[in-house]
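Let me begin by presenting the structure, written as structure tokens, before commenting on it.
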Amino acid sequence: MAPYRLDVISLAPQAFAPLPEVGVIGRAFGAKIAELHLHNPRDHAIDRHRKVDDVPYGGGAGMVLKPEPVFAAFESVPVCSRRRVLLMSPQGQPLRQVDLQRWSQDYDQLVFLCGHYEGFDERIRSLADEEVSMGDFVLTGGELPAMTIINGVVRLLPGTVGTPESLVEESHSDLLLEHSHYTRPADFRGMTVPDVLRSGDHGAVALWRQQQREQRTQERRPDLWNRWQQIQNPTPPAP
């Protein structure tokens, strides 16, 4: 199977240097489960000063990323059979676990468009299939959001995580948050491991963990709890 291809268009490609070197994600790159390719729009600038930004039409603060070098960098990227182009933007849809699952399963290539400066020329949006946000805040560029998505997608690819079962019950895999975990010692500074986890009763452990997931979600993320409840108890159609 060909490696999952990740192409990043960024003015700060050096920011991605640690990705292939760290943890299970680094090992996935080393094992050719995924490949990372970096493309700098500055390498495609058309003037001798390699200019990639300019002042905004209509005036205003800051500089705007020019379309020409970004389009040229984008058009230099090889196209795989199942490609998805993601624009990192605070105006995009908030990232969800279901998005990471969809991208890891339905595609074999992701292309990331990372903005900088005050923003990017509006015409750059035409390149994207989706716009993705990390939340209701603004960063200096799209590199950190892109790295977050790369981490989240690569860890879901077959062969990355040694125990695939560990991905099944983790937080957000089915809208519920993950249950609590304990390891030795059984008693630490008066904080003890629940008896059920030491009982050897696998059915009781599974029930306790599910109850923990529901309780945590209800307390910490009522928005997710309400969505989960709606799925479990759908409203019947009106007669």
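Cβ coordinates are placed from backbone N, Cα and C, and glycine is handled just like the others.
Per Swiss-Prot, the candidate among GLY115, GLY159 that belongs to the S-adenosyl-L-methionine site alongside MET134, GLY135, ASP136, PHE137, VAL138, LEU139 is GLY115. Look at GLY135 (S-adenosyl-L-methionine binding site): DSSP puts it in coil. Residues GLY115, MET134, GLY135, ASP136, PHE137, VAL138, LEU139, recorded as binding S-adenosyl-L-methionine, reach a greatest CA to CA spacing of 16 Å. Counting other CB atoms no more than 10 Å from each candidate's CB, the binding-site residues GLY115, GLY135 peak at GLY115. Taking the Cβ of PHE137 (S-adenosyl-L-methionine binding site) as centre and 10 Å as the limit, one finds 7 other Cβ atoms among all the protein chains shown. Counting other CB atoms no more than 10 Å from each candidate's CB, the binding-site residues MET134, VAL138, LEU139 peak at MET134.
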